[in-house]
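Trainee: Copied straight from TrEMBL:
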{"type": "DOMAIN", "residues": "67-76", "note": "domain 'Uroporphyrinogen decarboxylase (URO-D)'"}
{"type": "DOMAIN", "residues": "186-202", "note": "domain 'Uroporphyrinogen decarboxylase (URO-D)'"}
Amino acid sequence: MATSINSVLGWKYSSFFSQSNAFNMVSPPFKPKPPLSKFSPTCSAASSSSDPLLVKAARGDPVGRPPAWMMRQAGRYMAVYRKLAEKYPSFRERSETTDLIVEISLQPWKAFRPDGVIIFSDILTPLPAFGVDFDIEDIRGPVIHSPIRSEEGLKTLHPIDLDKLRFVGESLKILRREVGGHAAVLGFVGAPWTIATYIVEGGTTRTYTTIKSMCHTAPHVLKTLLSHLTQAIADYVIFQVESGAHCIQIFDSWGGQLPPDMWERWSKPYIKEIVHLVKKKCPEVPIVLYINGNGGLLERMKDTGVDVIGLDWTVDMADGRRRLGSGIGVQGNVDPAYLFSPLAALTEEIQRVVRCAGPRRHILNLGHGVLVGTPEEAVAHFFEVARSLQFDALFQNNAAKDPNLVA
């Protein structure tokens, strides 16, 4: 079977991740040769006292308060974004045009001063750069007109062409300059399994039946696709770091749709390989892993080698910290619905989450993205509370289990 796939793809594969028994059970005995590219990764970031607060917290350095940012930080809840979207109605234009990317990314920075400024982009943005075209329709969302479900479909794949993603690199460079050292610039990617769900299903799905069935009916095709995505995404992460990203978040948005043993086979090894490849080039760059619906996967996520694990709001922060231990960072996990509550209730919940996470290795965030319709004053309050917190006051006398909270 390996020979036939090799002839279909037109390049030679060799096993990677050979030292991991778990990966050997699921990975094909082949992968693409490294692409010849003008991009030459030379990450040189090193830990520094001048690093932004979020980077320090992600690395485990002592900090005085928890840094804070929000997933879906820029978007439709902001009036200024909606006004811009009326002028530029195409999401792809907004997310693939440097000037617009920078303007949108900076909208929440100018309004709320979060500790992390995440680039306005999409996990599907790099797909055309390695051979998968897509559209975004108003009602259906992402649409891939030629899903990959067979060896024939694999012919469209090629090594990632980073020249086609210059708008991402340029935007990150500008954001790094605009934000200065006052906040961390965040890049992000989708995990191979999550990206593969779109490519195989042809777009968004609620059942994942096609790709889950493919695990059993055409595992060699799916493994080849996942292996290709792994290399492409790793290259893309390094490209983002070289362009200015202080920190990278991996979204395995649909990893939580897999039973834990299936996630071990079909998602974890590929994430682990991305982390390995990135850390080889950029050892000081913190990597965050977020999975929606990750309550059954926390311990497994820890084994990927990431620096920080994002918790959704269905996991109690105290339970999450207890299960993960103090040697790894946690991110989250205020329920986004709290931003619709009275501000006093939001304050109490922020304090509770911070208290449960502890004074080290915590990045304050929501347990999922900002919801459409969220009051902007609640977002402003979230960040005001975050800036007002001080670990010395919250954890007096090392009483982490019952701290003396300040009003």
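Residue positions begin at 1 at the first shown residue.
Heads up, the Cβ atoms here are built off N, Cα and C, so glycines get one too.
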Trainee: Hey, which bits of the same chain come close to the domain 'Uroporphyrinogen decarboxylase (URO-D)' (67-76), Cβ under 8 Å, at least six residues off its ends?
Mentor: 52-54, 56-57, 82, 85, 104-105, 107-108, 114-118, 120, 184, 186, 290, 363-366, 368-370, 372, 379, 382-383, 386-387
Trainee: Considering every residue in the domain 'Uroporphyrinogen decarboxylase (URO-D)' (67-76), what is the mean pLDDT value?
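Mentor: Across the residues of the domain 'Uroporphyrinogen decarboxylase (URO-D)' (67-76) the model's pLDDT averages 97 on the 0 to 100 scale.
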Trainee: So, by DSSP, how many helix, strand and coil residues make up the domain 'Uroporphyrinogen decarboxylase (URO-D)' (186-202)?
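Mentor: Here the numbers are 10 helix, 5 strand, 2 coil.
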Trainee: Please spell out the DSSP helix, strand and coil residue counts for the domain 'Uroporphyrinogen decarboxylase (URO-D)' (67-76).
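Mentor: DSSP classes over the domain 'Uroporphyrinogen decarboxylase (URO-D)' (67-76) add up to 0 helix, 1 strand, 9 coil.
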